[in-house]
Amino acid sequence: MSISVAILGASGAVGGMLATQILRSDLLEPGDRLQLVGHGASSSEKKLLGTRIDLLDAFDEERVEIEMVPNIGDVDADIVVVTAGATLSPEVKTRRDLGAQNRPIFEHIAKECASSSPDALFIVVSNPVELGVQILANSVDRRRVVGMGAEQDSLRFARAIARDLGISRRYVRASVLGEHGQAMVPVWSAVELMLASPSLLDALRDLRERAGNAPLKERVARLQAEVVQLLETHQIPEAYEVARRALPDARIFVEPFITMQCMHSTPNATANATLHCLEAVLANDSRRIHGQVLLEGEVLGIGGVCGVPVALSRTGWQPEGVGGLTANEREMLVQSAESIREFTSGILYGASSG
Ligand SMILES: NC(=O)c1ccc[n+]([C@@H]2O[C@H](COP(=O)([O-])OP(=O)(O)OC[C@H]3O[C@@H](n4cnc5c(N)ncnc54)[C@H](O)[C@@H]3O)[C@@H](O)[C@H]2O)c1
């Protein structure tokens, strides 16, 4: 049976790159459909019409049906990827501002998709990803809604470790749980090397011990202060260099921030992490990814949206165990969930939030 994947926000940096990466990856079969979805605005419609032809010119051999869908209410898909909405910019400066801006967009998407594609699986990319997951999961089956921020952060953590060990990321497995934001939790105890090398294991142990010498929060705050100062005077290479010298768990808090200053988005990495989620859904083999999902006590008794390891398939997500976490990591994860709850409640109900 053919599969239909819809990208909401396909005219944007991430949505457009995702369309390209999906078609380049051979994930879809001939006859499958890729829907490029606009939001009723003539500017996005014009861009999508052009994008469709450009993609057909590039990937016609794949025989994937590429469609332009002008309105979210006309989506008819098995998998809906949400990349629509505002992003951080000089006008939308904080996560809270972004939440306020994207809340009505998430609500509109949830309402329209709940009636047009109620049985679809939803992958949320737009930020704040936890808010998007919360709003969608209130309208459709929560087990069919997953945010990809934790997969993105986990891939970044794996790359940062791989870089310091001088190996490719293909040999490193890593997890970042909790919030896709300041309360994210890089999990050193879950880092795995796919190479049986005593010297690499020693080097990894050394990194982990150095990370344990000072609290993550303090190291991140120091690093952020230094990087912000450099960015204020447009010293981009220097900012990247300062980030590169930091330990991997702190580096992943600031490197994307520097990239955002340079190019407004992180389209390649974000599309790649989203593709990981999509691959898991299409492979339908319950493979493990990391995602923000709405929990009802399944993991450490957490109720609310939180980034956790999940087994993902076409029918949705199932929680994976976090039994290997240290006591400190468990505590950080529970605190992160609490911080997400405060943030999303603040946006949804106007409650106070830090
Ligand atoms: N989770 C992650 O790791 C990650 C990484 C990068 C970006 N993002 C998020 O993804 C989203 C898109 O980022 P981008 O860089 O592609 O931004 P972009 O500005 O390039 O694209 C935004 C897209 O949203 C659409 N849009 C704007 N207003 C809309 C509305 N009212 N209703 C529906 N669609 C609307 C635009 O037409 C465009 O297609 C942002 O929310 C951003 O914060 C998440």
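Cβ atoms here come from the backbone N, Cα and C positions, even for glycine.
Remember, it's a predicted structure, so these values are computed and weren't measured experimentally.
Taken from TrEMBL, the feature domain 'Lactate/malate dehydrogenase N-terminal' covers 5-146. Computed over the domain 'Lactate/malate dehydrogenase N-terminal' (5-146), the whole-number mean pLDDT of the model equals 95.
Ala13 (NAD(+) binding site): 18 other CB atoms within 10 A of its CB, across all protein chains. Positions annotated as NAD(+) binding site by TrEMBL: Gly9, Ala10, Ser11, Gly12, Ala13, Val14, Gly15, Asn102, Val125, Ser126, Asn127.
Taken from TrEMBL, the feature domain 'Lactate/malate dehydrogenase C-terminal' covers 153-194. The list of residues near the domain 'Lactate/malate dehydrogenase C-terminal' (153-194) in space but at least 6 beyond its ends in sequence, with Cβ under 8 angstroms from a Cβ of it, reads 95, 127-130, 147, 200-201, 203-204, 207-208, 211-212, 216, 244, 248-249, 251-253, 255-256, 269, 272-273, 276, 290, 292, 306-309, 322, 324-326, 329, 332-333, 335-337, 339-340, 343.
Annotation note: His180 (active site, proton acceptor) sits in a coil segment as assigned by DSSP. Per TrEMBL, the feature active site, proton acceptor maps to His180.
Residue environment of Val125 (NAD(+) binding site) contains 27 other Cβ atoms, counted within 10 Å of its Cβ in all protein chains.
Applying an 8 A CB threshold to same-chain residues 6+ apart, the list for Gly15 (NAD(+) binding site) reads Ile7, Leu8, Gly9, Leu36, Val81, Thr83, Ala84. Look at the binding-site residues Ser11, Asn127 and count other Cβ atoms within 10 Å of each Cβ; Asn127 has the fewest. Across the fold, the C-alpha of Ala13 (NAD(+) binding site) and the C-alpha of His180 (active site, proton acceptor) stand 19 Å from each other. There are 26 other CB atoms within 10 A of the CB of His180 (active site, proton acceptor), with all protein chains counted.
Following the DSSP three-state reduction, the secondary structure of Ser11 (NAD(+) binding site) is coil.
For Gly9 (NAD(+) binding site), other Cβ atoms within 10 Å of its Cβ number 26.
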